[in-house]
Amino acid sequence: MLKYSLKRFGSTIIVLFGATLLCFPLLSWVGDPLEDLRYDTDPNAEFLMQQRIDFLGLDDPWYVRYWDWLSGVLGCLDPTNTVLGECDFGTSIGGSNVTDMIVNAAAMSLRLVLVATLISIVLGIGIGIISAIRQYSTFDYFTSFIIFLFWSLPPFVAAIIGKEYLAIQYNNWMGDPRFSAGNILLMAIILAIAVPIVMGGSTARRVITGSIMFVYTCTVMPLLDHMHFMEHPRIGPIGLLVLGLMLAVGLTALISGLKNRRVLYVALGVVAAAMISYYATWELLRQIPGGYLLLIGLFVLTIALCVIGARLFGGYAKGQATVVAVVTGVLMSALILLDHYMYSWPGLLSAKPRPVRTIGAETPNLQGDWWIHSLDHITQLWIPSLAMALMSIATYTRYTRASMLEVNKQDYIRTARAKGVEERTVVLKHAFRNSLIPLATIVAFDFASLIGGSIIVERVFGWNAMGQMLITGIQNADPAPVMAVVVFTGFISVLFNFFADLIYGVLDPRIRVS
Amino acid sequence: MKLRKLSAAAAIMASGALVLSGCTPGDDGENGNGDANGGADNGDANDVVYGEEGDFTQEGQAYIGGEPTDGTRVDLPEDFETREDTIVTSPGGVPFVNYNNDHTLANSVNNSVVAAQIHSGFWYYGTDLSINQNEDFGSFEITEEGDTVYVEDEDGEPEIDEETGEAVVDEEASTSYVIEYNINDEAVWSDETPITVLDYKLQWASQAYDEDAGFEPSGATVALYLPEGLEAEAYDSKTFTAEMPAFNADWQLMLSGPGQPAHLIAEEAGMTPEELNDAIDEGDVDALEEVAPIWNTGLGHHGEWDENQTLSSGPYQLAEWNWEGEETGGSVVLEPNENYWGTPPGTETLIFQFSDESTHVQALENLDYHVVSPQPDEDVADALRGLADSGDFIVHEGDTATWEHIDFQYEQGPFADTPELAEAFALCLPRQEIVEQIIQPINPEAEVLNAREIFNYQDGYDEFVEESYDGRYDEADIDAAAEIIEEHDAEGTDIQIHHFDVPRRSAMVEIIDTYCGEEGAGFNIVEQADANWSPGDEGWEGVGLFAWAGSGQIISGQNIYSTEGNQNTTGYSNEEVDRLWTTVADDVSDEERTEALIEIEQHLWDDLHGIPIFAHPGMDASDASIANVRSTAAQTQIHWNAEQWQRYE
């Protein structure tokens, strides 16, 4: 594995080198970096032109400039800054340090693209599987319709619609967030129709599910309204416990079946541990020394504890217990985190009465602690991410559905069914897992193309990430920022293809063996 | 049995939860971690008046301190105080890059917009391009009238320099003009050091010794027109004089703000203010070389700054600089300058956020921004008017100092071969139709512009036009044009129309084509849309369709219409016009200057240098609860009086 990784890393460097060698001369032949000055009526223009010629080394041939640039960038391979010199991506025409620019822009782009990818993986695969299982059902037709709508919706239109309804209208409503009787009734009717369609089953079962959903919505929404949930949301310990129990039971039922008590007890144990740590870490998380690093640390610790616990108490069902424990643990952590965010929500509302701005990645001059700033980032992030995710959701859904249907027709699935394996196991263990293999490739490709394609969404939301950097660089015929984007995007795409290869190994035992 | 065990386990956990629920962490019973209602409230609000539709007011806009009756700042009440509140505005996508607004890389409108809030100066542009002295800061006047004598040619007319296109001054016979500047005694930098002549001397030196010492200024006019520099009793005098060897009609524009704090730059360069003063007086380039890099970017640029160095001489100072790169994005947060001696600014926190104009309408609707200036087009105009209908927003409609026109190319092409064809083109040019179709959807009040040296929203426009233009091209006259074309046997002559490939201009060419093209007068109109085209390019033929951005200078037209002018790219030459420009630039009374300008315009109409079409419409919008927001024709944008903005509700 190590040898394989090193080999991949080596080839990455060569691929990137080739890409830069191709891009740099192309860039230096296209465009005129002095263009704006040529039409400048300022008597100083001559002088400025000479200044820029010296600065960009325009009198040198492209390979001399390329070497200057490359020797700076090669420094990035050397973290000690001694052998190869300092990491330096050069300077832009405007005199900015491109190393700082790319770090800044990459952080923003990654934030946007990572969240968009996560949203699209979860939604895309989820919807894809359900519509494959319920092929040619109402749900299948309905999602196909929606998916094709997403597909054909240009991102900037989606972005503008998102701004109108998810930001402006939402903020207007948040001024006095009340559910009217009409809202509640409408919501109840939508859910009463939608949930049975997703759940499936016989007509009688659908009617019952629908009625339950209707009554449930009509009770819960007025209750939330009464509690001022939209201004002061909390999950609280009871909510956490109830949701935890539902998770433990549900996941066990899904993955191993409720008959497997070992797994169920492990899952319940995880929920109990989560409840304890909810109280134990409350103060620590409020202070949150280290910010995101602490969260990541705690998260890793949670997974480790879940794995250890499941191994110790899982007994004969160790494998399934580990999966259930880890998934329960992760989701419980997410719920606890959500509760913390909810606790800070009123704080955000007082610092920022209209909680979703349509501009920028963060709110300037926002007063508040780490949680409020983090919430601000989330409120600013989610609409652009969603706008970017729409097209990926569509792609992933269609691929998952097709791939799932394909796998379902395979002989080994028929054999499994013939042997009397439960439908749950057939779908989750045999069909789903194998259908993910082609998807891993697509996600890896998609990630890199999302970075490059984010320019429109960036502009509509006033973000200043890599797309912006690329376009301005090309317009100004300014090599340093463009090359920085090329190197970074290239690196990310190679990296994600590498991840995809690793995931193949996990998904497909045949690859591991060879 | 097993099932019972399971429910027992669940029951134990559930009962545990009941015990726990009494103590939800962080639940202090009164939701004490924030006031969800938000918003700041600040005592008594000022009285406001609401504007009617007018030259200097906008219908529905509130004004604190009375409705404005001219282009100057609003007269604020004596007890005007800063209100604890936040106003966010965006001048567009280009960020604030340098504290030193005079640096060559800071030469953008947006940099000036922010810099205008952290610096004040001797004068400012009013909304009608008027030049107004800022009495808070100081005063200036010509104290000694000089006499500019020009070298005369054989005919007794002033001789014109063939390179510059300006009249040659007889330096021996001329005497200098002296301008005296007085800085308000209370005027101090935000570190309480007085603003003195030294600050201005440094500004002068940055231009006078730019290449020698390594200064990188964006202009050179101060050193050009005041070659002798500034005179004062001491380096820290509040009063100083400047000698102007030849009269410059735009003398008022030469010096405004103090630019950079010279005492701080001296300190950074390791010298005392006296030493800096001596270095400037003696032209000590070696010493100034130390100073130049600090002047260029040393006090704060590209988001690297120190609050002890970015000193303010204006109502606001820098509080936060969120740098996101030089292309776009980021924001600047301003807070009141506690040591500002004039009227305090209206709002505690003023935020300039830099985002593309296309984001502005929705951002205003969401109140992310309270004052916006989007690029006006029909869709934006409709959207903003839709918002204004609710009464929560105000649309500020007006004109800008940018004016659209066509120029005839006389150096080559059809108008060089047959200059009479220009007359035909002028006759068939549907100016009224263009304004109705292209501009009135944005600004219903828009009308055809009939002058080059004065705008239709400025005082005296009607009288000016009455004398300079007889209305001969008011109506498109296809028949008359066709007659001229026939007379010269020029049916089907290719007339290229060059422009920078802007959709609006393509639409204009289409309208021109229906009147002047084959269906109309009989030319063959060829559209040449090229984003890289420049009127300064060699060899283009036909007609150029573009806009000049007016700067409020009196003599900027000299560059365009005089024979040797830098911006004269169409081969236009009229000796009489050259001579008249010399009069305009000279020290003459306003009446005489206007007379000369009218005569110039008459010649430009007769010779058909080009034809003005319209002044570009401006469109800004603001949150109706903010008082004193006023659009302006000057390049200072709607933010020109941002320090007077205040929420009144």
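Cβ from N, Cα, C; glycine included.
In TrEMBL this protein carries:
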TRANSMEM  A:12-31  transmembrane segment
DOMAIN    A:106-504  domain 'ABC transmembrane type-1'
TRANSMEM  A:110-130  transmembrane segment
TRANSMEM  A:142-161  transmembrane segment
TRANSMEM  A:181-200  transmembrane segment
TRANSMEM  A:207-224  transmembrane segment
TRANSMEM  A:236-256  transmembrane segment
TRANSMEM  A:263-280  transmembrane segment
TRANSMEM  A:292-314  transmembrane segment
TRANSMEM  A:321-343  transmembrane segment
TRANSMEM  A:381-399  transmembrane segment
TRANSMEM  A:436-462  transmembrane segment
TRANSMEM  A:482-507  transmembrane segment
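Listed by sequence, the residues of this chain that lie at least six past the ends of the transmembrane segment (A:12-31) yet keep a Cβ under 8 A from its Cβ atoms are 62-63, 65-66, 69-70, 73, 77, 474-477, 479, 482-483, 486-487, 490-491, 494-495, 498. Sequence-remote contacts of a segment are chain residues at least 6 beyond its ends whose Cβ falls under 8 Å from one of its Cβ atoms, and for the transmembrane segment (A:321-343) they are 233-236, 240, 243-244, 247-248, 251-252, 255-256, 262-263, 266-267, 269-271, 274, 277-278, 281, 285-286, 295, 298-299, 302-303, 305-307, 309-311, 313-315, 371, 374-375, 378.
By the Cβ criterion (distance under 8 Å, sequence gap of 6 or more), the transmembrane segment (A:381-399) is counted as touching the transmembrane segment (A:142-161), at least 3 such pairs being found. Beyond its flanks by at least six residues, the transmembrane segment (A:292-314) meets 262-263, 265-266, 269-270, 273, 277, 281, 284-285, 320-322, 324-326, 328-330, 333, 337 of its own chain at Cβ-Cβ distances under 8 Å. Counting Cβ pairs closer than 8 Å and at least 6 residues apart in sequence, the transmembrane segment (A:207-224) and the transmembrane segment (A:236-256) reach fewer than three and form no contact. When Cβ-Cβ distances below 8 Å are used as the criterion, the transmembrane segment (A:110-130) is approached by residues 139, 143, 147, 198, 361, 377, 381-382, 384-386, 388-389, 392-401, 404, 427, 432, 436, 439, 443, 446-447, 450-451, 454, 457-458, 463, 465 of the same chain, each at least six residues removed from its ends.
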